């Protein structure tokens, strides 16, 4: 697949726009990136996209944010990765800053939530169309389909945690490789002249690889040193300027750093333990505030893990009864939540790109991609239920009275969006805005 490398500022504009429309959790965000970067703009090839996604799904932290950083790195190196990851998160940072401030003062933000609720069914239509286009490219063999089906069964029926399913897909991929023709086919023995030529070629190749490996190790050393400095500087600044309250801010920083490094399987896997600590031993927020924060996280663009910044804001604001302390808490939480992701991507990307030359690793990562497709489908179904069904609707209630549990306006927006996007692909941003303003207009009409 031929790709077109964009101008740097064109890419910057895209990442900034993407940050404002990246609704739908990992499923929606990954689908949006695939639709725009692979299908429409053709900046990234299908193979490189799936290879990058497979690596990001192996790491702790927000998968979509890491994928944005990786794809930015692919286009413009370290600077591109930093800019892409930063701009992907920046809009949700400002949105949560505004929502948290209003919530602290007034306890509610109804009109903002109305607009965001209208955006979600429009995004759902994009997720649906993108998934239909992506599945045939991500699942190519019978083995991939088996891995895909097993992951769906494991998540939906057996409730197996995501990291175990990921490990299963890797083991299944390794096992399948050793049974494949690629692993068992025998190479023809070369002649004496061919062996001499091969020897010279291998020597030159070894020298080249040694030089490349040295550059990669030097680069990773620089990234590691930068990581330590970037982690320590804010902590030292707090020790210097806020010495009397250092213990509180230190606990906040250490907790969210640990959370970022343990977030395997996305935000849903770590949020229960975060909620338990924040509402219990730490006493940062109440249970009701935590529930409201989760609702905001589901309704806003950007990674769901951004809900942690809501906790950080209220933790600081409650302690000092000051919005400035809340802003500091939100900023520190965002910084220490996403810093590990930037380091893991920027430090690991050069090594991962070298694995594209390895047939066994690519073979195994194809099975990881099949697992990832199943995970995205599972998350997409969860997202669809939250958008299209009435709150509290269960399987039994929907079977007994299907028309009463469906939210008809979101369903209309979703179905219309699917039809429009199949007809004209480049209207996704306009459709998202239309859905938001439609819901906002309906809610405002009740006040007139």
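Backbone N, Cα and C atoms are what each Cβ position is placed from, and that goes for glycine too.
Quick look at what TrEMBL annotates:
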type     : residues : note
TRANSMEM : 12-32    : transmembrane segment
TRANSMEM : 82-106   : transmembrane segment
TRANSMEM : 118-135  : transmembrane segment
TRANSMEM : 162-179  : transmembrane segment
TRANSMEM : 216-240  : transmembrane segment
TRANSMEM : 252-271  : transmembrane segment
TRANSMEM : 291-314  : transmembrane segment
TRANSMEM : 334-352  : transmembrane segment
TRANSMEM : 364-384  : transmembrane segment
TRANSMEM : 399-421  : transmembrane segment
TRANSMEM : 428-447  : transmembrane segment
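In this chain, the transmembrane segment (12-32) touches the transmembrane segment (364-384); three or more CB pairs sit within less than 8 A of each other, excluding pairs fewer than 6 residues apart. With a threshold of 8 Å between CB atoms, the same-chain residues lying at least 6 positions outside the transmembrane segment (334-352) that come near it are 51-52, 55-56, 59-62, 65-66, 69-70, 73-74, 78, 81-82, 85, 89, 93, 216, 219-220, 223-224, 226-227, 230-231, 234, 253, 256-257, 259-261, 305-306, 308-309, 312. Here the transmembrane segment (82-106) does not touch the transmembrane segment (118-135). Their Cβ atoms form fewer than 3 pairs under 8 Å, with each pair 6 or more residues apart. Beyond the ends of the transmembrane segment (291-314), by six or more residues, the same chain brings 19-23, 25-26, 29, 61-62, 64-65, 88-89, 91-93, 95-97, 99-101, 103-104, 109, 113, 116-117, 119-120, 252, 256, 259, 263, 266-268, 270-271, 274, 278, 284-285, 326-327, 329-334, 337, 386 to within a C-beta distance below 8 angstroms of the stretch. Counting only same-chain residues 6+ beyond the ends of the transmembrane segment (12-32), those with a CB under 8 A from a CB of the stretch are 6, 41, 53, 62-64, 67-68, 72, 83-84, 87-92, 116, 119-120, 123-124, 126-127, 130-131, 134, 266, 298, 300-304, 376-377, 379-380, 382-383, 428-429, 432.
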